[in-house]
There are 2 protein chains.
Amino acid sequence: MEFRTVARGADSRARAGIIETTHGPIETPVFMPVGTQATVKTLSPEELEAAGVQVVVANSYHLYLRPGPALIEKAGGLHRFMGWPRPILTDSGGFQVFSLSDLRSIDDEGVTFRSHLDGSKHLFTPESVVEIQVRLGADIIMAFDECVPYPASYEYARRSTELTLDWAQRCRAEWEKASAALENPPALFGIVQGSTYADLRRQCAERLVELELPGYAIGGLYVGESKSQSAEVIDEVAGMLPDDKPRYVMGTGLPEDLIDNVARGIDMFDCVLPTRNGRTGTLFTSRGKVVVKNAIYAEDFSPLDPECDCYACRHFTRAYLRHLFSAGEILAPRMASLHNVTFFTALMRKARQAIVEGRFVEWSRQAMTRWSSQNELTEVEH
Amino acid sequence: MEFRTVARGADSRARAGIIETTHGPIETPVFMPVGTQATVKTLSPEELEAAGVQVVVANSYHLYLRPGPALIEKAGGLHRFMGWPRPILTDSGGFQVFSLSDLRSIDDEGVTFRSHLDGSKHLFTPESVVEIQVRLGADIIMAFDECVPYPASYEYARRSTELTLDWAQRCRAEWEKASAALENPPALFGIVQGSTYADLRRQCAERLVELELPGYAIGGLYVGESKSQSAEVIDEVAGMLPDDKPRYVMGTGLPEDLIDNVARGIDMFDCVLPTRNGRTGTLFTSRGKVVVKNAIYAEDFSPLDPECDCYACRHFTRAYLRHLFSAGEILAPRMASLHNVTFFTALMRKARQAIVEGRFVEWSRQAMTRWSSQNELTEVEH
């Protein structure tokens with residue numbers, strides 16, 4: 001994997017870059033939809049490509065449990081298994097081990113947990129998690145970390161950050177070993193943790209940078225802390241991460257968060273928001289959120305988003321989509337997801353264009369004004 | 001609507017024809033997937049076109065209750081509402097009134113029933129049912145009939161057939177009246193009822209033929225009677241229906257039934273089988289049915305059907321589809337439905353080709369042998 005910056009915001013820390021991978025380039029800033037179980041919910045690879053998706057995020061925890069790395073390896077790797085020819089990033093499963101599984105116990109070795117599917121007992125270590133991701137055949141793999149819940153005491157966060165740092169070193173060693181045997185080794189990204197404690201975040205970033213990894217993520221955010229708290233962490237950490245490596249804020253979903261974080265010099269984002277909210281009938285549009293199930297759309301024969309040219313917006317009206325949701329038809333979550341994913345990828349493409357043209361701050365101000373102009377919701381499920 | 005026969009089976013009563021409608025031609029024999037609620041479940045119009053679908057069946061009962069003909073009229077008609085530019089046939093709702101609704105009472109006037117959605121009370125008359133279908137803007141509309149349950153006493157069937165005949169006359173009158181005001185009036189098809197009683201079927205067919213309708217359907221079959229009983233009815237009735245009008249057997253779904261009925265001179269078929277069975281994981285393939293959720297497909301990296309060139313078969317393996325079904329992912333029913341609909345439309349396209357080339361009987365024998373070669377199931381949900 002290689003990364004280079006092609007343009008910088010004259011008026012912000014925003015930057016436009018390219019990540020070159022074995023499965024093609026990723027132009028940044030980029031939004032990566034989540035395909036937890038080797039499928040971006042409701043959508044086909046063909047639709048993802050049409051939506052402008054450059055890279056999808058799959059999940060090591062889920063795929064390890066079902067169908068298992070052995071099966072995916074036999075299938076020729078995750079790209080062939082899921083029919084997705086472009087880059088794939090796999091999450092390490094750290095977040096899922098802590099949020100989904102039962103009876104977990106953490107020690108220096110790793111995490112012992114029970115599957116949320118069948119209660120079977122498993123051990124994830126930094127080494128095994130790297131091995132799983134290598135077997136899946138991802139282009140970018142993530143270090144195993146503990147995602148600290150919010151709020152956390154300083155002492156808990158301090159010890160957890162130490163563990164994450166120790167695990168990052170072990171991931172690096174395992175990744176180096178595995179890479180030696182591979183023609184096209186994946187790139188390993190480290191994850192900065194440290195809860196909302198500035199000194200822990202700084203220490204974590206500093207020591208991860210010393211590991212000279214191909215890229216860096218900021219994790220453990222958007223888990224309940226305030227907007228200003230996450231903003232402070234990202235501001236602080238982004239400034240410490242190497243300029244010549246991609247920076248990835250994990251789990252951010254709202255358009256305003258994406259735009260703010262691009263301004264802070266972040267290159268990569270992932271979130272389930274476009275697909276999860278799409279499935280429940282919330283559309284992200286150029287004029288704000290539209291809860292299409294609402295009665296006011298019953299006779300609204302305008303497109304989902306008049307400024308979008310996705311298949312759903314070109315062919316269907318809000319009235320039809322509302323009917324499909326009322327009738328419980330699968331085409332409804334499909335089309336809402338397709339539109340939302342298109343909206344998010346287009347948002348980042350427009351941000352990139354604005355950076356290249358040296359007008360990012362102006363563009364982002366306009367985009368935010370229009371985004372807020374018709375917003376129906378004040379809170380969205382994260 | 002116009003119908004003409006372009007070729008006849010030298011070796012059977014099979015025929016290849018073309019139905020010309022305002023929304024384009026329909027080459028027969030044709031399989032019509034069912035889009036009950038103005039959507040063929042899980043599939044987009046674009047996918048239907050790619051699957052070779054020429055015409056879809058929508059349902060008057062369902063669309064009358066939700067979203068209502070007034071809304072669809074405001075949307076510019078059903079074609080625009082659902083984004084489907086090709087022909088649409090609407091069922092009269094007779095079958096659904098009798099199978100889905102509560103507290104129905106039948107008299108000469110029509111049927112009073114309660115909505116299965118909210119219990120509200122409604123009256124369907126032959127006149128109102130034609131009016132609804134005209135407002136929806138369908139290309140082919142069906143007369144309102146009573147679908148006689150199986151088994152039925154001779155006396156019940158006799159009286160019901162009289163009612164259906166009386167209603168057919170009233171539908172015809174209403175259709176003529178409505179057509180006078182329309183630039184592109186729909187074609188009205190009559191429905192032959194009469195349960196399994198040969199004399200009732202004959203009488204019904206004779207008297208419907210006297211009404212000189214644009215097309216004729218055989219209804220009330222595949223409701224529990226034996227294969228030989230339905231075969232006898234179709235044999236008898238098909239021979240009595242005018243040669244220059246399309247013939248439609250309603251609700252047939254199994255590939256063997258389609259092929260047998262093409263040999264009997266039937267031109268049109270509809271069934272929920274490809275989509276319903278697709279959603280539960282049964283694939284129809286050139287070698288028979290494949291229950292893809294079964295463990296034997298866990299490591300089967302071959303396409304769903306090696307002889308199919310649909311998107312699902314070109315991009316995905318049985319192992320991947322099985323994983324998607326296990327994981328409860330929507331892409332699974334989507335891809336299974338897409339393949340199944342493609343299989344059914346291709347089956348009728350191949351049948352047509354064989355008729356044109358004067359080798360239908362030979363083709364059908366080969367197709368049936370291969371279809372049975374690997375069949376997993378002896379019974380399928382209808």
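Backbone N, Cα and C define each Cβ position, glycine as well.
Source: prediction; values computed, not measured.
Binding of substrate is attributed by TrEMBL to A:ASP91, A:SER92, A:GLY93, A:GLY94, A:PHE95, A:ASP145, A:GLY220, and the same site annotation extends, among A:GLN169, A:GLN193, A:GLN203, A:GLN229, to A:GLN193. The range from A:20-24, A:275-279 that TrEMBL describes as region 'RNA binding' is residues A:275-279. Site annotation for Zn(2+) in TrEMBL covers A:CYS308, A:CYS310, A:CYS313, and the matching candidate from A:HIS122, A:HIS339 is A:HIS339. Annotation for A:GLY94 (substrate binding site): same-chain Cβ neighbours under 8 Å, separated by at least 6 residues, are A:VAL129, A:MET142, A:PHE144, A:ASP145, A:GLU146, A:CYS147, A:ILE191, A:GLY219. When the Cα atoms are compared, A:CYS313 (Zn(2+) binding site) and A:ASP91 (active site, proton acceptor) turn out to be 31 Å apart. In the shown protein chains, 28 other C-beta atoms lie within 10 A of the C-beta of A:HIS339 (Zn(2+) binding site).
With A:SER92 (substrate binding site) as the anchor, the candidate recorded positions are A:ASP270, A:CYS308, A:CYS310, A:HIS339, and the one with the nearest CA is A:ASP270. For the region 'RNA binding' (A:275-279), the model's pLDDT averages out at 97.
Sequence-ordered, the extra residues of this chain that approach the Zn(2+) site, with Cβ no more than 8 Å from the Cβ center of A:CYS308, A:CYS310, A:CYS313, A:HIS339, are A:PRO303, A:LEU304, A:ASP305, A:ASP309, A:TYR311, A:ALA312, A:ARG314, A:LEU338, A:THR342, A:PHE343.
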